[in-house]
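Feature annotations, reproduced from TrEMBL:
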| type | residues | note |
| --- | --- | --- |
| TRANSMEM | B:20-37 | transmembrane segment |
| TRANSMEM | B:44-64 | transmembrane segment |
| TRANSMEM | B:70-93 | transmembrane segment |
| TRANSMEM | B:105-128 | transmembrane segment |
| TRANSMEM | B:148-166 | transmembrane segment |
| TRANSMEM | B:233-259 | transmembrane segment |
Amino acid sequence: MRVRARGWGWRHAGRQAWAVRALDLAIDPGERVLLLGASGAGKSTLMAALAGVLGGDDEGEGEGELLLDGSAPADARGRAGLVLQDPDSQVILARVGDDVAFGCENLGVPRDEIWRRVVEALEAVGLDLPLDHPSSRLSGGQKQRLALAGVLAMRPGLILLDEPTANLDPDGVREVRNAVVRVADATGATLIVVEHRVDVWLPLVDRVVVLAPAGGVLAEGTPSAVLERQGAALAASGVWVPGVPPTRSLRVREETALLLRAESLAIGRGSTLRDGIDVSIAGGRATAITGANGAGKSTLGLTLAGLLPPRAGAVVATDSLAAGAGTLPHRWKSRELLTRIGTVFQDPEHQFLAGTVRAELAVGPRALRMAPDLVDARVDELLERLRLAPLAEANPFTLSGGEKRRLSVATVLATSPRVLVLDEPTFGQDSRTWAELVALLAELLDGGSAVVAITHDAEFVQALADEEVRL
Amino acid sequence: MTDILLPVRGTQAIYGINPVAKLGAAFLLGGCLILSIDWVSAAVALLLECALFLFAGLSARTFWLRTLPVWLAAPLTAATIALYGQTSGQIYFEFLFARISEGSLELALATLLRVLAIGLPSVVLFLTVDPTDLADGLAQVLHLPARFVLGALAALRLVGLFLDDWRSLELARRARGVGDTGRIRRTAGQAFALLVLSIRRGSKLATAMEARAFGAPIQRTWARESVFGARDWVLVALGGAIGATAIVCAVLAGSWNFIAA
C-alpha cells in the first residue's frame, strides 16, 4: 500500500497547537519505515490518522491531504491495521480465536474464510494456543502478538505499530519483534513503526523518517545515514540512538545506616506467592528487584513499602527509620509513611489525587501539616527541578507519559522519604526522561536515601544498583 | 483477576444450549410464578425443577456454592413476611408492629418457596452461560444491534481490570499519606478516580476496536454461528411447561390467587 501526505496537518479539538503540520511524505508499497521524533512531534496522531481512527470533525480539524492508495484512510477501513502500546486495552474478546476473528467479522469476511485466516495469523505470530484459550491469561508479549494477529487476519496493506514493545520486558520485546519480522516477510505489507528503542527495529527497516516538532519532516533516509547526521539531535530529544548512551551521573558510593530488613519474608495477596526472602535496605544503597513476569516483584515492592502486610516473616524498620513509629511499616499510619517510605507506582495514574500538577505536589506536604508558605516553597522547588513548572496548572491526567512519570516521582520526593520504592520507573520512557531519572535517583542516594527499584531494565540496573535481588 | 468472568465449563448437553434459550426459559418460568402468591404453585414448580437440576451440568459443590445467596435470601424474606405480612386468622405472637398470624405464616411459606423456585433455576441456568455466546445469541437470534451488544461484551472484559485498579488506588492513597481519615470521603474520591481511569481505558479499547474496523459501514459477518435449534426450543418449552403445570395445580387445589385481583 502506498502512503501519501501532502501538506497534511491535524489539530485536536480544544487545543491551540497543531499536533502535526505541513507534513509531506511518500511511502511506497512494501517499504518498512521507522518513524521517530521528539515526544510531542505528533507520531501517534499520524499513526491514528493512517489507521482511520482519528475521528470526525468534532474530534479535531484537519488540513491538506493524507491518502492510502489514493483514498482517505477512513474509507479504507481494514486496509491499515494498528497495534498500540498498552497490551491490556487491545484485547477485545475473551477467547484467543474470537479476538483474532473480530476484525474479519467487521469486514464481512465469510465464516469459513475467517477461521482459515485466524489459524494462519496465530501461526504467523507464533502463538501456539488453543482457539478457546482465555485471552486474560496471556503475558504482555503474548497480548501484543495477539493484537498483531488480529491485524494480520484483516490482510492489511499497511501495518502500523505505535510503540508496540514499550511496555514489555526483554523477552516480550524479542517475541514481538520476531513476530513482526515474520509477518512483514510473509505479507510484504507496508510497515510503519514508532518506537523510542531504535536498536530493536533498526535491522528490520529500510528507511527512517524523523518528524520535526514544529511540523514537517526533520530528516529522512536510510537508517545509517539519518542516524549519522541526526544521531546527536535525536538522542537529545529522547530517542535511544545506538552507540549514544544516555548521560549517566557518577555516584559517590557511600553506605550509611541500615533502614529496613526483610526476614524470611513471605509475600502475596490472598495466597502466598513467594517465601523465604531476606533483604537489607541501607541508606545510600540502591537495590534492584528483578525477575520474570509474575514472579512477585511488585508484590515484594509493595510489601517492603509497608503497603501490604507480610504473609509470614517480617519487614522490620530500624530505629533510625522508624523514628518512634513502631517497627512494622505495614502498621504505620498512612501519614507516618510519608517521611519514611515513599512509593512510586508502575502506573502513575493510580497515584494522582488532585486537579492540577501544583495541587498534586502539595498533597503530601499538606498531609504532614506543613505551614502553607513552606508547602509553596517545596512545591516550587520540585516544579523547577523536575521541569514541570510550565505545566503547574495542567491536569495530571493530560500529561505525556514522560511528564506523568516525572510528576509521580516528584509527588513522592515532596515529603523527602528516606526509602524510595519504585515499580518499573523506566518503563516506556524516552532516553531523556531515563537519564533524568537516573541522575535524580543518584543524587538522592548520595544524600543518604535508600532506593529500591523493581525493574526489567538492564541498563538501569547497571547504572544504579548496588545490589540485585532476583526473584 | 478477570477469571471471575469465565463461566463454569463442562461437556454436558446444557453447555451446548443457546444462552438465549436459557434466558427465555428463565423468563417464562419466572413470568408464570409471579402471577400468584400461593404455596402450591411454587412447591410444584420447585419439585419439578429439582428433577431437572440433575441435568444442570454442575457438580454438587458448585451447585451449593453458587446458589448459596438464594438459600440465604429465601428464609430471610420469609421471616420478614411472617412478622410483618398481612394478618389474618389466628394470631400466634404479637410484639410492637410484629404480628405472626395464620395468614402471615402461609404467606411466608409461599414466599420462601417462590424465591427458591424463581431464584434457583435462574442462577443454575446462567452459571453455564458464556458471555461471548450470549452476545452472539442476542445479536444473531434476537437481532439486537451488533454495535450495542459487542460494545457491552468488550466492556465486560474490563471489569477484571477495574478490580485491579481499585486495589492499586487504595494502596496508592495510603502511600500518598491520605489513608488515615475520612473513610467515606476517601472512598468517594477513589470511586471518582476509578471512573476517570475506566473512561480512559474504555476510550483506548474503543480505539482498538475501531482500528479493527468495528463500526465500518460493511455488513458484519459472525465467526461463531449462534444456532437456535430443537433442543433450545425444548428448554424454553420446559420452562413454560413447569410454569403452566404449577398454575394448573394451584387452580385445581383452589389456592390460586391472581396477584392483580
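Cβ coordinates come from backbone N, Cα and C, glycine included.
Note that the structure is a prediction, hence the values are computed from the model and not measured.
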Cβ-Cβ under 8 Å with the transmembrane segment (B:44-64): same-chain residues at least 6 beyond its ends: 8, 10, 12-15, 29, 32-33, 113, 116-117, 120-121, 124-125, 127-128, 238, 242-243, 245-246, 249-250
Two-stretch contact, the transmembrane segment (B:20-37) and the transmembrane segment (B:148-166), at least three Cβ pairs under 8 Å: no
Stretch contact, the transmembrane segment (B:105-128) with the transmembrane segment (B:70-93), Cβ-Cβ under 8 Å, 3+ pairs: yes
For the transmembrane segment (B:233-259), sequence-distant contacts whose Cβ falls under 8 Å of one of its Cβ atoms, 6 or more beyond its ends: 17, 21-22, 24-29, 31-42, 44-45, 48-49, 52, 117, 121
